[in-house]
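Structure, as structure tokens:
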Amino acid sequence: MRKTVRPAASAAARGQEIGAGEVLYFALASVGVLLVVSGVVPTAYRATGLTSLPLAFLIVGAVLAVFIPGYVRMTRHTPYGGAMYAIVALGLGRLIGVPVAWLALAAYLLLGVALYGLFGVEMQGYAQAHWGIDHSWWVWALAVWLLVTVLGQFKTRDIGRLLGVLSIAEIAISLVISATGLQHPAPGPILHAFSGSGMTWASLGPAFAICVLGFIGFETTAVYRREVRNPRRTITSATIASLAISALVYTVASWALDAHYGAQTVAVSTAQGPGAFFAMGTSSEALIGNSLLLTSLLAALLGYHNGWVRYVYTGARHGMLPGVFAKVGRSGVARSASLLQSGFGLATIAATAAFGWNPQTQLFYIGGTTGGLAILALMTTTSAAEVRYFLGHRQAGSTAALVLLPALAAVLLAGMTVLAATHFSLLLGIAPDDPTAGRILIGFSIVALLGLSWALATRKLAPERYQALKPAAASPALSDTGAHDAVTAGEAA
């Protein structure tokens, strides 16, 4: 039986409160700005042939901006964290909330462990080129895994500060290289990328699908709600800032590529891949950019590690996972949940090496893209849950702001999800007739069905446990006072 004790044992009481800056850095780290501008942007040019890519990023950013008002407002009613799971459970009920939780755990886990493959490959090439050291990719993957495992036990505030340094550095070099590219444009109008020429439904579909996955991670701000000062203001400002900064950097970088290479943008992106972005800069800027790409991957690993741990913590608090994962140490970290994530990471590296899978294409591309598509679908479901909740709680505020915007977001995000699913083979970099895409979609359907089956079984066999699966809604005023930081007996180790 769970017994509530010591409401004062909050993040504030333990000196572990974090501010908007740290939350923003966690979100930006998960987004991986430099990884997107050097990898996703050239890929989008190659895959779509669309030269008006900056407009596509602006449109996608605007769509995601519509998602934010309802999302951050709804987090005020879910003060114990849980982000999308908690929102869906309140809005659509436990039978949908539990599958969403299971899917979120699977998706964010994939996004995190997939990065080990890319880091190993990038570090292998970097070490060979600059240090003359030749080790297999998995050696470097294990090295960064060990670092993430150790840092995963540190205080959230300390990791947030580290991510702040890394995030600012990668954003700065992204803008510097973009500025250098713009200073040396190819012949022709420098604003050609914003003209909209060549935009067709056939090219916009793949472009939107690729661009939207580049923003995945900005929504992770909500999982830190129970640990922040002034949650109402902090979560709102951090979420808006992470989306705005990402959209700005992506738009400028994609514009710079088009302006710098002109009519050869698609050809150069196809031939050079990530090298196309770094080649716009000076030799020093390119070296710094390639170096910071590695720290960008480290930051992303830490961002997804910490975010996933908080989903596990929330799941354990509500009875979906063993209670041991809800226990926190003096640092405020759910140590067992952190070690569980590290265990999955180690198993992924070992399996990829043992079976001879390609760490870049089969682990990073497939794992990361699959996780991103799942999160996009969950964001759609979350918006629908917000509509349902606010329709039933008119006293929560303005109907226009809290019903119409989430409804519009649900429709727009559903369209983005359909586009991404339709062009899933393109996103994965595989042939249209390759069965991999279909198997992945079936796999996520199985995860959702297993979550639903577990919820149904729990409702029948353990009614009290089933009731605990739905977080109790709190008034926005109460949730901003710090009362949400009450812990339950046995949760503090």
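Using the three backbone atoms N, Cα and C, a Cβ is placed for every residue, glycine included.
Note that TrEMBL annotation is computational and uncurated.
Among the features that TrEMBL reports, transmembrane segment is placed at 23-45, 51-72, 84-117, 137-154, 161-181, 201-223, 235-257, 277-302, 337-357, 363-391, 403-431, 437-457. Per TrEMBL, the feature domain 'Amino acid permease/ SLC12A' maps to 31-425.
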By a Cβ-Cβ criterion of under 8 Å, what residues six or more beyond either terminus of the transmembrane segment (201-223) are in contact with it?
23-24, 26-32, 36, 40-41, 43-44, 47-50, 53, 56-57, 59-61, 63-64, 67, 71-72, 75, 81-84, 111, 235, 238-239, 242-243, 246-247, 250, 300, 303-304, 307, 310-311, 314, 369, 371-373, 375-376, 379, 416, 419-420, 422-423, 426-427
Please identify the stretch among 84-117, 235-257, 403-431, 437-457 with the greatest number of Cβ pairs below 8 Å relative to the transmembrane segment (51-72).
235-257
Would you confirm whether the transmembrane segment (23-45) and the transmembrane segment (403-431) meet the contact rule of 3 or more C-beta pairs below 8 angstroms, pairs 6 or more apart in sequence?
no
Intrachain residues whose Cβ lies under 8 Å of the transmembrane segment (437-457), provided they are six or more past its termini:
94-95, 98-103, 106, 320, 366, 370, 374, 421, 424-425, 428, 430, 466, 469
Contact yes or no, the transmembrane segment (277-302) and the transmembrane segment (161-181), 3+ Cβ pairs under 8 Å, gap 6+
yes
Would you mind listing the long-range same-chain contacts of the transmembrane segment (403-431), meaning Cβ under 8 Å and 6+ residues beyond its ends?
47, 60, 63, 66-67, 69-71, 205-206, 208-210, 212-213, 361, 365-366, 369-370, 372-373, 376-377, 379-380, 383-384, 386-387, 390-391, 437, 440-441
Please identify the stretch among 84-117, 137-154, 161-181, 235-257 with the greatest number of Cβ pairs below 8 Å relative to the transmembrane segment (363-391).
84-117
The answer for the transmembrane segment (84-117), taking Cβ pairs under 8 Å and residues 6+ beyond its ends, is 30, 71, 74-75, 77-78, 137, 141, 144-145, 216-217, 219, 222, 297, 300-301, 304-305, 307-308, 311-312, 314-315, 320, 341, 344-345, 348-349, 352, 359-360, 362-364, 366-368, 370-372, 374-375, 377-379, 381-382, 384-389, 444, 447-452, 454-456, 459, 466, 469-471, 473
